[in-house]
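Feature annotations, courtesy of TrEMBL:
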- 34: active site, proton acceptor (ACT_SITE)
- 174: active site, proton donor (ACT_SITE)
- 7, 65, 141, 142, 143, 144, 174, 175, 176, 196, 197: substrate binding site (BINDING)
- 32, 34, 65, 174: divalent metal cation binding site (BINDING)
Ligand code: DX5
Ligand code: ZN
């Protein structure tokens, strides 16, 4: 069964506590928390102090997606704020292996995200070290964008790489996921679906999460 990780980026920031309670009461598996620095991506979201506050209400694992330069400078702070899992971007990490070891040495799980133009083949050497690969299906920085269809090929190829190596790495897909495309994304081999707008812009977010779980 695949997992669903609602992204709080699309929630009403004036009522984040309500959004967290809604996720707690839903069929969602994880909280997906998007951190943007205005450098790696052309947008700024929120940082560790907000995550620390979210953690006081959130009753499910917090999956932190760092869209920032030099993430190694901050991973210990995000762990201290309550991250259960940290994903860094391949494109932001010239010393990726070191950054992954850094995250794992904090006693939490580690993932690598790749942008739409980054091939899955670039992950061959690091794959055995990873708990999760996040395939971006939009260019990172903003919610509400359209799913890039080339992502399907990347998911299928990565699923085969993981299978051939005998690994159990999660494949998380992030960006433009809707109730309509969620089924084909899971069939292609994804096992974690991130959804922002589809959940929080829906008239009934709990029902939207249930639909994403049941595809
Ligand atoms: C985008 C973020 C996503 C974003 C997805 O850079 O990484 O997690 O919240 O939003 P939707 O689901 O609206 O595309
Ligand atoms: Zn994300």
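From the backbone N, Cα and C atoms, a Cβ is placed for every residue, glycine too.
A map of TrEMBL features onto the structure.
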{"residue": "7", "record": "substrate binding site", "DSSP (3 states)": "strand"}
{"residue": "32", "record": "divalent metal cation binding site", "DSSP (3 states)": "strand"}
{"residue": "65", "record": "divalent metal cation binding site", "DSSP (3 states)": "strand"}
{"residue": "141", "record": "substrate binding site", "DSSP (3 states)": "coil"}
{"residue": "174", "record": "active site, proton donor", "DSSP (3 states)": "strand"}
{"residue": "197", "record": "substrate binding site", "DSSP (3 states)": "helix"}
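If you compare Cα positions, residue 141 (substrate binding site) sits closest to 34 out of the recorded positions 32, 34, 65. Non-local neighbourhood of residue 143 (substrate binding site): 7, 9, 10, 196, 197, each in the same chain, at least six residues away, with C-beta under 8 Å from its C-beta. Note: the CA-CA distance between residue 176 (substrate binding site) and residue 65 (divalent metal cation binding site) rounds to 16 Å. Cα spacing between the residue listed as 'active site, proton acceptor' and residue 174 (active site, proton donor): 11 Å, rounded to the nearest whole number. In terms of local Cβ density within 10 Å, 7 ranks first among the binding-site residues 7, 197.
Rounded to a whole number, the C-alpha distance linking residue 65 (divalent metal cation binding site) with residue 174 (active site, proton donor) is 10 angstrom.
In this structure, of the binding-site residues 141, 176, the smallest number of CB atoms within 10 A of the CB marks 141.
Ligand 2 lies under 6 Å from the Cβ of 34, 65, 174, out of the recorded positions 34, 65, 141, 174, 176. Taking the C-alpha positions, the distance from residue 32 (divalent metal cation binding site) to the residue listed as 'active site, proton donor' comes to 10 Å.
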